[in-house]
Amino acid sequence: MKIKQAIDKIPGGLMLVPLFLGALCNTFTPGAGKYLGSFSNGLITGTIPILAVWFFCMGASIEFKATGTMLRKSGVLVVTKIATAWVVALIAGTFLPGDGIQNGMLAGISVLALVAAMDMTNGGLYAALMNQYGSKEEAGAFVLMSLESGPLMTMVILGASGIATFEPQLFVGAVLPFLIGFALGNLDPDLRKLFGNSVQTLIPFFAFALGNTINLSVILQTGFAGIFLGLLVIVVTGIPLILADKFIGGGNGTAGVAASSSAGAAVATPLLIANMAPEFAPVAQQATALVATSVIVTSVLVPIITALWAKRFSPKHA
């Protein structure tokens, strides 16, 4: 059976299919983990430890070697994406209630959902698009984008906007596995290869555990809001990214469009933030479902928009 091949045809499938399977388990057999115990319970409830290993391996996979063009391009895109999410947090924090929108078609939208969906770029999608529609240097910009992985940037944004307060040690704890992996991977290429190969392998495991924190009814309730969030990510982050790429990064805007997506890893952010700041616990489940939908929407639409933009503004693709 070509199971992996079928999963790869679904945008973000490696993350979203196990996530959905986990949500199925949690909806119809919510006590399965405690009932089975042992290793099965670890797989079902082990989101945080599995993600900790994943962040370590992600750090180890990054090679600290880049040209000036790569650093300028990636730096511009990363800073612009984070700054945009921060502005959105400031505005949303002023107008949205702490527990998010509770009624109507946009029920579930919260500051946590908005920031988690917007502050992290799908680096793999970006690299693939820029390999096709840009240069090797532009494609290589995804290296710095990997630094967005994990809850750290979301913590910084929520803290800087005055929406949440985190103890200093929590920032250290959030980034330490990544930094240790990064250091080891750059000290020894063999370790980088060893741990880097595990990044993709671990995604279905933490996605399944994450899915076991979601009830399918929440996914159904937030369907339209999730689609709306995905479109919002493309428009709200895409416009500043295009302008930054053109006027600061020296590009034609294609890289900006390619970076206007939600990262698959962002699906785990609401739960991680709620684990550190309990005031977000009431909105974490809905935010997770919304961000998951946003990942699908942006994974489908961003390649199409990038191709159209490159055809219009890039001479070699005209």
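Backbone N, Cα and C define each Cβ position, glycine as well.
Now, the feature entries from Swiss-Prot:
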TRANSMEM  10-30  transmembrane segment
TRANSMEM  42-62  transmembrane segment
TRANSMEM  76-96  transmembrane segment
TRANSMEM  105-125  transmembrane segment
TRANSMEM  139-159  transmembrane segment
TRANSMEM  163-183  transmembrane segment
TRANSMEM  199-219  transmembrane segment
TRANSMEM  224-244  transmembrane segment
TRANSMEM  263-283  transmembrane segment
TRANSMEM  289-309  transmembrane segment
Surrounding residues of the transmembrane segment (76-96) on its own chain - C-beta under 8 Å, 6+ positions past either end:
109-111, 114-115, 118-121, 141, 144-145, 147-148, 153, 156-158, 160-163, 236-237, 240-241, 244-245, 248-249, 255-256, 259
By Cβ distance under 8 Å, which residues at least 6 away from the ends of the transmembrane segment (224-244) in the same chain are close to it?
76-77, 80-81, 83-85, 88, 101, 105-109, 113-114, 117-118, 253, 255-257, 259-262, 289-298, 301-302, 305
Counting Cβ pairs under 8 Å to the transmembrane segment (199-219), which of 10-30, 42-62, 289-309 comes out on top?
10-30
